[in-house]
């Protein structure tokens with residue numbers, strides 16, 4: 001047991017002489033070797049080229065079972081590296097652990113490469129494990145991630161100089177959960193990076209023009225609102241009016257609808273078939289305007305913007321919701337056969353959106369250095385519009401965002417019952433209720449991350465035939481829990497008031 005603790009200590013990330021811990025990297029490589037063999041074993045020929053140190057010819061051949069020696073050898077090298085690292089640390093030899101770690105990692109990587117090469121040259125043809133199109137989308141994703149990761153610290157310093165800082169001791173709000181000053185404006189940075197990268201990777205078209213314009217409008221609106229929020233004497237203080245905000249959101253979304261992006265039909269939850277929204281039109285200047293489809297689209301997008309914004313109340317929460325939702329939208333866009341250009345465009349935009357949101361995580365995680373601010377609406381717009389472009393059923397989008405969706409619905413109903421403004425802020429959202437029950441901020445953020453991922457997976461694997469039933473069942477369970485938490489919170493508040 002003591003030896004095990006020493007090994008764990010020797011690979012601790014925080015150790016002063018252990019700057020290059022290698023157990024996780026090598027463990028992942030070994031796991032990949034095992035999984036790759038498991039997936040490809042049935043395609044491998046009975047004999048394989050294996051003993052490359054022997055003379056060329058039949059001497060190099062071995063049974064296909066010999067392939068298992070590679071992960072076993074890799075595991076042995078890793079174990080030896082750990083033991084050697086533990087021993088040399090006792091003598092305080094400078095860079096000894098780092099040298100051992102690099103040598104071990106290089107050896108395991110070389111064996112991993114050899115394993116993949118042997119399987120590729122000694123197997124019958126097989127389909128790739130990862131969709132090549134999906135693999136190609138890793139490029140815009142990684143570029144978006146890296147851009148966001150390295151740009152957001154620069155913006156934080158700039159925002160501090162300009163006074164875009166929310167101090168929980170000075171800026172009081174009923175929903176405030178900050179514990180230290182944090183700058184605002186990550187939503188604006190999201191909008192700028194998204195616009196720049198989508199123009200590079202996707203290009204320009206009628207539909208994308210509407211998306212670009214709406215994202216830009218909401219990004220600018222967000223940074224202006226962040227400015228007035230942190231400058232009490234600002235001329236933009238009128239933006240505190242919730243009705244004006246709602247009106248400006250509709251103005252921002254209008255560019256999307258005017259570009260031709262619409263919800264064309266809605267599934268009938270009570271019977272087979274759909275409601276065709278395009279049949280309700282108005283003739284204007286010789287053109288048929290699908291007014292019902294436009295109205296439903298605008299209402300749906302603005303509703304999603306608000307419910308997502310309400311789930312932006314604690315550190316680390318929003319980046320996960322947007323990032324994970326964007327990943328699932330990317331996967332949904334690639335489900336079509338054949339794959340149309342619009343589907344690839346949506347997948348690319350979703351990959352960029354996911355990369356940016358996840359790239360912000362380090363600085364938005366608890367305790368945050370930067371908040372999304374009102375510009376978070378631009379990210380919500382991307383999620384809402386992309387779900388429409390790939391003809392995702394409304395119920396599928398609801399499933400992806402089930403907890404924010406139901407939290408928003410319950411919140412509005414609760415405020416109406418309590419005779420409050422449905423658009424005014426309070427501490428009644430689900431994340432506030434979980435905080436009151438003793439949950440930590442990181443725990444709540446992870447709850448939202450994991451629940452978004454879980455419901456996203458359910459949405460991907462559920463048959464279109466039963467997706468409505470799945471949403472109704474899960475929605476009923478989640479809604480009941482949220483209502484129960486609200487009732488307990490209200491009861492607790494009454495008890496506190498009566499005791500006072």
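Glycine too: its Cβ is placed from the backbone N, Cα and C atoms.
Checking the ranges 209-225, 226-242 against TrEMBL, the transmembrane segment annotation falls on 209-225. Ranked by Cβ pairs under 8 Å to the transmembrane segment (177-203), the stretches 20-39, 66-88, 318-336, 342-360, 372-390 are led by 372-390. Long-range neighbours of the transmembrane segment (66-88) within the same chain, counting only residues 6 or more positions beyond its ends whose Cβ lies under 8 Å from a Cβ of the stretch, are 6-7, 10-11, 22-23, 26-27, 29-30, 33-34, 37, 41, 44, 48, 50, 96-97, 100-101, 103-104, 107-108, 111-112, 114-115, 118-119.
The list of residues near the transmembrane segment (372-390) in space but at least 6 beyond its ends in sequence, with Cβ under 8 angstroms from a Cβ of it, reads 184-191, 194, 207, 211, 214-215, 218-219, 221-223, 225-226, 229, 245, 249, 252-253, 256, 261-263, 297, 300-301, 304-305, 308-309, 312, 318-319, 322, 325-326, 329, 332-333, 336, 342-343, 345-346, 349-350, 353, 356-357, 360, 364, 396-397, 400-401.
Fewer than three CB pairs closer than 8 A are found between the transmembrane segment (342-360) and the transmembrane segment (100-122), and contact between the two stretches is not assigned (pairs 6 or more residues apart). Most Cβ pairs under 8 Å with the transmembrane segment (100-122) belong to 20-39, among the candidate stretches 20-39, 134-156, 246-267, 318-336.
For the transmembrane segment (20-39), the residues of the chain that approach it from at least six positions outside its boundaries are 11-13, 67-68, 70-71, 74-75, 77-78, 81-82, 97-98, 101-102, 104-105, 108-109, 111-112, 115-116, 119, 129, judged by C-beta separation under 8 angstroms. Packing against the transmembrane segment (246-267) from elsewhere in the chain are residues 206-207, 209-211, 213-214, 217-218, 221, 239, 274-278, 290, 293-294, 296-298, 300-302, 305-306, 377, 381, 385, 388-389, 391, 393-395, 423, 468: each is 6 or more residues past its ends and has a CB under 8 Å from a CB in it.
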